[in-house]
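Participant: Here it is, the structure in full.
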Amino acid sequence: MKFLLLSALLFLHSSLAWTREKHYYIGITEAVWDYASGSEEKELISVDTEQSNFYLRNGPDRIGRKYKKALYSEYTDGTFTKTIDKPAWLGFLGPVIKAEVGDKVSVHVKNFASRPYTFHAHGVTYTKANEGAIYPDNTTDFQRADDKLFPGQQYLYVLRANEPSPGEGDSNCVTRIYHSHVDAPKDIASGLIGPLILCKKGSLHKEKEENIDQEFVLMFSVVDENLSWYLEDNIKTFCSEPEKVDKDNEDFQESNRMYSINGYTFGSLPGLSMCAEDRVKWYLFGMGNEVDVHSELFHGQALTSKNYHTDIINLFPATLIDVSMVAQNPGVWMLSCQNLNHLKAGLQAFFQVRDCNKPSPDDDIQDRHVRHYYIAAEETIWDYAPSGTDTFTGENFTSLGSDSRVFFEQGATRIGGSYKKLVYREYTDDSFTNRKERGPDEEHLGILGPVIWAEVGDIIRVTFHNKGQFPLSIQPMGVRFTKENEGTYYGPDGRSSKQASHVAPKETFTYEWTVPKEMGPTYADPVCLSKMYYSGVDLTKDIFTGLIGPMKICKKGSLLADGRQKDVDKEFYLFATVFDENESLLLDDNIRMFTTAPENVDKEDEDFQESNKMHSMNGFMYGNLPGLNMCLGESIVWYLFSAGNEADVHGIYFSGNTYLSKGERRDTANLFPHKSLTLLMTPDTEGSFDVECLTTDHYTGGMKQKYTVNQCKGQFEDVTLYQGERTYYIAAVEVEWDYSPSRDWEMELHHLQEQNVSNAFLDKEEFFIGSKYKKVVYREFTDSTFREQVKRRAEEEHLGMLGPLIHADVGAKVKVVFKNMATRPYSIHAHGVKTKSSTVAPTLPGEVRTYIWQIPERSGAGTEDSPCIPWAYYSTVDRVKDLYSGLIGPLIVCRKSYVKVFNPKKKMEFSLLFLVFDENESWYLDDNINTYPDHPEKDNKDNEEFIESNKMHAINGKMFGNLQGLTMHVGDEVNWYVMAMGNEIDLHTVHFHGHSFQYKHRGIHSSDVFDFFPGTYQTLEMFPQTPGTWLLHCHVTDHIHAGMVTTYTVLPNQETKSG
């Protein structure tokens, strides 16, 4: 390929202009790694010793805490004879590689291991000969030498740090990574990963970022040793009776998942030490699989990320984040993952803040205002749905065939919809005799405790009385507290105050927290920050028992005397979670009280456990949440927060209206464990609308409510003058869809990886459906006769299963003439738009219906958005089944002022949907079973292998390199409109090889990985500069292996071509 050779020559020529060349000598070695090294000298963090033993103790069929791994080690020079020591806290990560923009980085890699590996870097520029990743990319000869480094071989990888990374709005130095990429998930699980720090030019002084005293790199990962290349070696070496090991046994597999930070678990990570008042930079990243939903909490500290104050950092596989803090409060503090499953499994560490007598700034808390709250924890019987009916369907909760029956059926071994719980409630004084009654504005709080609010400069005093039967506490977020006021206990003694963290039954304790400036909103934040408080004795059990409440921390002078925000009409607090009543402190009480045959209850039974997982908002399900009422044109603030585990990946969708969050216009907010958000909304359409979780299991499980917008303050009119109307003729058409029409790319990939693996999703075999399915898709037609389908142009080929790309400008209307050419009712509805009615009428088979979408200002980009932003449109007759049957497409809304015509660069746009299509939920499942398997009569729709085989990990409905048409030229300006929908497993960290992209988020930021979840729509802007065929994939382990990968091609520009 001539243009690739030319590209390489251009890079060599341009290297003369680079300011500095740096050399790193890295060897790939094999060693035994101890996940709890040094734990003999110090007590591990574990609520339950049995829990830590499960992961760390070896035995006849258990490996324990030591594993053979492959590691990146740094050497002094090219002789590879002397290693360079690294900080203890780096754990098994490779050495820190640092570069400033303009640097040429030469990484000399030698493989001392027993199998082939590579070195692949994120965030830097490289040619195909320096990519270090093996996949079918049309390269040959010398460009393939980097793809696989065999034992004993050495290779020089040449990387260049250049714009746009870091972006203009990024920190001076940002987090990137490098890892081996023969089979990336297996290589990484084996240990080959390390940090790469990219810095703006001139920001490093003696290899340290200026104005930073301490810096640390942390990887949060559930390291899956079952995927390691060395699993067999580890079984033979560390199991005392290896012949007894069943590698498919679920408990054995779980025992090999190490919930770790830099390869250390249960608090054994060494060396995180700093002085009070040190300016500390944390370079953080996640890695792993669908279970890797991380919510990192730095206890006792205030963090700044992208100019926002926060105390929780959410990380997913290949999420790359940097945060800064000024260390405060001398003592030993915990750094923990607040995913409740991870917390139990050991994903914690300690960091020490020492008093080094460094001068501290003057206390900025003057004219201290003390806000005093009297809060008790008390028992109550909580009904998740007091109306007894699903307000969305009008059905009784226990109707046969209803989604709700599994949760609300009460009987011999079922609890039903009411549970004994512990809740926080507010009282008038410390006698705790007169409970404060909630007013109409607080009706919606439901199970939540009272709102604790404060302004910057305030002192919060909470007198807490425990009326329950277990030790409890109150642990706040978003405020400052001393060790004596910390509501979370973590031993050994001396690290926590037992008095504050274990308030005994019938006892009272008064907490005091402060709100210094660094804990309050920044200039970029909203006026008030959404926060939460909860009991922290046993975080999992306490929260699931019901002990959680909302907080808001506001700018000074922004609140009225009663705590309401000035210039805001209404404030609502929403807590989305799957309350796992199996983890409740009161489970046994509930079994005794509500089941009719408690002695027959098997608490380990999966069906029993599922019946106790209550998908709720503020403790209500299926539209039973009261009090979400507002007026047209009012200024509304929503405070959202969540808690839970990896199942708690929420896309909270507000139908009928949009909101602003940090300058971005959206209608769906993504929540994760312990994440909180503040959303600003001005409702402009009258009616009853949905606020619901788009995660499909949560939606069907009842995490959906109604909010009502009324005309109540005179006439509120939409004054938008809609100019121009564009008409689209779109039909729902049933087709045979092939997720993988060619297996060539997939087969060549496995050949290059020297693996012979079957494919559970595409191999038809005797009972499985294979790659072809009957589906229904949106297709565009030329006119209202619906006789001639519009043929897709070359630049639209990439849309695949998606419906047509619909464009609209702010101030215009879109008229969709929709014909249902399928065999069952469907509709077409778009996110973000304004419609005359809050309901979307179904269109019956054979019918034609016209839908009008208005595009007011609030449908377009926010002040901090890209000029054009994507929304999704889909059918809403049955939101879940319609989606999985294939009905979804992109709507792109651009600002009025956005001019595309005069840009000298060629503008390209590609729309991508990352979705695990669950064909088990398709309307056409029975048709597909009858059509495609060789023996349909033998298929069992409840068989786990059959169910798994129908989950198609696709990009625009294509798998394993089958998505075609992602072609561009060097010098093009490319907009990627990326969307995600789906279920709990649909967390997608989208990674582009070869190029970084930019995105807007209160400034221009750069990365090569972006996180997507159900209801995430984002514009990514790319300026291709390096020719080649490049990998584009989801970085989640199972999704890579399941086929959520394709390639995009960058051709040389016209000048290069002609020259």
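Backbone N, Cα and C define each Cβ position, glycine as well.
Below, the features straight out of Swiss-Prot:
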- 1-19: signal peptide (SIGNAL)
- K128, Q143, D146, D147: Ca(2+) binding site (BINDING)
- N138: N-linked glycosylation site (CARBOHYD)
- N226: N-linked glycosylation site (CARBOHYD)
- 369-554: domain 'Plastocyanin-like 3' (DOMAIN)
- N396: N-linked glycosylation site (CARBOHYD)
- F407, G416, Y419, S611: Na(+) 2 binding site (BINDING)
- N582: N-linked glycosylation site (CARBOHYD)
- C693: active site, nucleophile (ACT_SITE)
- 724-894: domain 'Plastocyanin-like 5' (DOMAIN)
- N756: N-linked glycosylation site (CARBOHYD)
- N920: N-linked glycosylation site (CARBOHYD)
Participant: Applying a 10 Å Cβ distance cut-off over all chains shown, what neighbour count does Q143 (Ca(2+) binding site) have?
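Facilitator: Excluding its own Cβ, the number within 10 Å is 20.
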Participant: Reported as an integer number of Å, what is the Cα distance between N920 (N-linked glycosylation site) and the residue listed as 'active site, nucleophile'?
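Facilitator: Cα-Cα, rounded: 20 Å.
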Participant: Of all the recorded positions here, N396, N582, S611, N756, N920, which one's CB has the most other CB atoms within 10 A?
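Facilitator: The residue with the densest Cβ neighbourhood is S611.
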Participant: Of K128, Q143, N226, N582, which is closest to S611 (Na(+) 2 binding site) if I measure between C-alpha atoms? They're all recorded positions.
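Facilitator: Considering only the listed recorded positions, the nearest one is N582.
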Participant: So if I measure Cβ to Cβ from G416 (Na(+) 2 binding site) and keep only same-chain residues at least 6 apart in sequence, which ones fall under 8 Å?
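Facilitator: When sequence neighbours closer than 6 are ignored, G416 (Na(+) 2 binding site) has F408, E409, Q410, F594 within Cβ distance under 8 Å.
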Participant: Tell me, how many other CB atoms lie within 10 A of the CB of N138 (N-linked glycosylation site), whichever protein chain they belong to?
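Facilitator: I get 12 for this one.
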Participant: Go through D146, D147, the listed binding-site residues, and name the one with the sparsest Cβ surroundings, counting other Cβ atoms within 10 Å.
Facilitator: D147
Participant: What's the CA to CA span in angstrom from F407 (Na(+) 2 binding site) over to N396 (N-linked glycosylation site)?
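Facilitator: One finds 12 Å between the Cα atoms of these residues.
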Participant: DSSP secondary structure for Q143 (Ca(2+) binding site), reduced to helix/strand/coil, please.
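Facilitator: The residue in question, Q143 (Ca(2+) binding site), is helix (DSSP, three-state).
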Participant: Going by Cα-Cα distance, pick out whichever of the recorded positions N138, N396, Y419, N582, N756 is nearest to K128 (Ca(2+) binding site).
Facilitator: N138
Participant: Please report the three-state DSSP label of Y419 (Na(+) 2 binding site).
Facilitator: strand
Participant: Using an 8 Å cut-off from the Cβ centroid of K128, Q143, D146, D147, can you name the remaining same-chain residues around the Ca(2+) site, in sequence order?
Facilitator: T127, A129, N130, E131, G132, D137, T139, F142, R144, A145
Participant: Using the CB centroid of F407, G416, Y419, S611 as the Na(+) 2 site centre, which other residues of the same chain sit with their CB within 8 A?
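Facilitator: Sorted by sequence, the hits are Y384, F408, E409, Q410, R414, I415, G417, S418, E581, F594, N612, M614.
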Participant: Starting from N756 (N-linked glycosylation site), work out which of the recorded positions listed here (Q143, D146, D147, Y419, C693) have their Cα within 10 Å, and give them in sequence order.
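Facilitator: Hits: none.
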Participant: Cα of N396 (N-linked glycosylation site) to Cα of Y419 (Na(+) 2 binding site): how many Å, rounded?
Facilitator: 19
Participant: Taking the Cβ of C693 (active site, nucleophile) as the reference point, list residues of the same chain whose Cβ is under 8 angstroms away and which are at least six residues distant in sequence.
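Facilitator: When sequence neighbours closer than 6 are ignored, C693 (active site, nucleophile) has A576, H615, H650, G651, I652, Y653, Y699, M703, K704, P1014 within Cβ distance under 8 Å.
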Participant: Going by a 10 angstroms cut-off between Cβ atoms, which of the recorded positions K128, N226, F407, Y419 has the sparsest surroundings?
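Facilitator: The recorded positions K128, N226, F407, Y419 were compared, and N226 has the fewest Cβ atoms within 10 Å.
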